[in-house]
Amino acid sequence: MTTAPLILLAAGGTGGHLFPAEALGVELMKRGLRVRLVTDSRALRYSGLFSKDLTDVVPSETVRGRSPWALARTGLMLAAGTAVALNLMRVLKPAAVVGFGGYPTLPPLIAARLRGIPTVIHDSNAVMGRANSFLSKRVNAIATSLPGVLDKKPSLAGKITTTGTPMRPAILAAAAVPFATPGLGDPLRVLVVGGSQGARVMSDIVPGAIERLEPALRQRLILTQQVRDEDMARVRGFYDRLEIKAELAPFFADLPARLASNHIIISRSGAGTVAELGAIGRPSILVPLPGAIDQDQFANAGVLADVGGAIRIVQPDFTPDRLAAELSALAAGPARLAAMATAARTVGRLDAAGRLADLVMRVARTGA
């Protein structure tokens, strides 16, 4: 009996990297292939397609500074991870290795390259991440979520396929739920999230914005907010004082369904979040994470803002007064909310997992 080919999926240990890997894994398994995940220890927090039996943890390290000590530590950890990954390649003999970004993908992709195993990288950002940028010249094929990501590197043009960001089954199910435009007196459902790791700025700014809303609008609100454990008592006490109907939690396992059931999403603008908002088609207020060297979240938010599907607010401008004004304007304009939902859908790609699976299978078969 012939064993089905194995595809190794390498991803950093956060949702933005892991969820597209999971979506591709589901599609490849439907096609009769085997899959395994190579990642770092953070990924073990996530439930999903990849059980511990299907996961290999490889040592890795993110660059945390430019000092000689920090660079040396990173180099040593990546070298150790590459040694472990080389042994994995020898034992598992994958048909191809697919990387989804993050420094933990460097050891398995480098090891695959050294052993002559076909390689693909996928990047969900509007600006390619540093790990993928390093790997881009060394892999067989590059998949991007958006066109034009590597326009400044014409030498790579022959490797690039625009596939979109693969969506998990839960997102595809949520995408089938139409946007329910609220009437002027109807409940207004607002979801506040800060990415897979939470965001303290949401706990610092959103409560003050809610307090500044007109009492009639506050009474309409049904608020769901991701709040870190250390901020929970403070935020809950604030909303209790205002008598706001609010559900607070540090993490929502059913986030896709919650995205679909809300009228306005307030969030960071990680690549995965932006792709999911486009796929599901929901109006959003996006606050890019500041301080990134390549400003990837600012560019990601622009993908939705430029078509009218989102409002982008840079963090220095993200104040209680500004947020209250934006929420008040959206609540007073149901037609605008409906138009934003429709606009957001124009950037969604529901067939991305299939398109990426086609590319991976071709590279595994031909090496090109």
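Glycine too: its Cβ is placed from the backbone N, Cα and C atoms.
Feature list (source: Swiss-Prot):
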- THR14, GLY15, GLY16, ASN125, ARG168, SER196, GLN297: UDP-N-acetyl-alpha-D-glucosamine binding site (BINDING)
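Candidate binding-site residues: GLY15, GLY16. Fewest other C-beta atoms within 10 angstroms, GLY15. A 10 Å cutoff on Cβ-Cβ distances gives ARG168 (UDP-N-acetyl-alpha-D-glucosamine binding site) a total of 24 other Cβ atoms nearby, all chains included.
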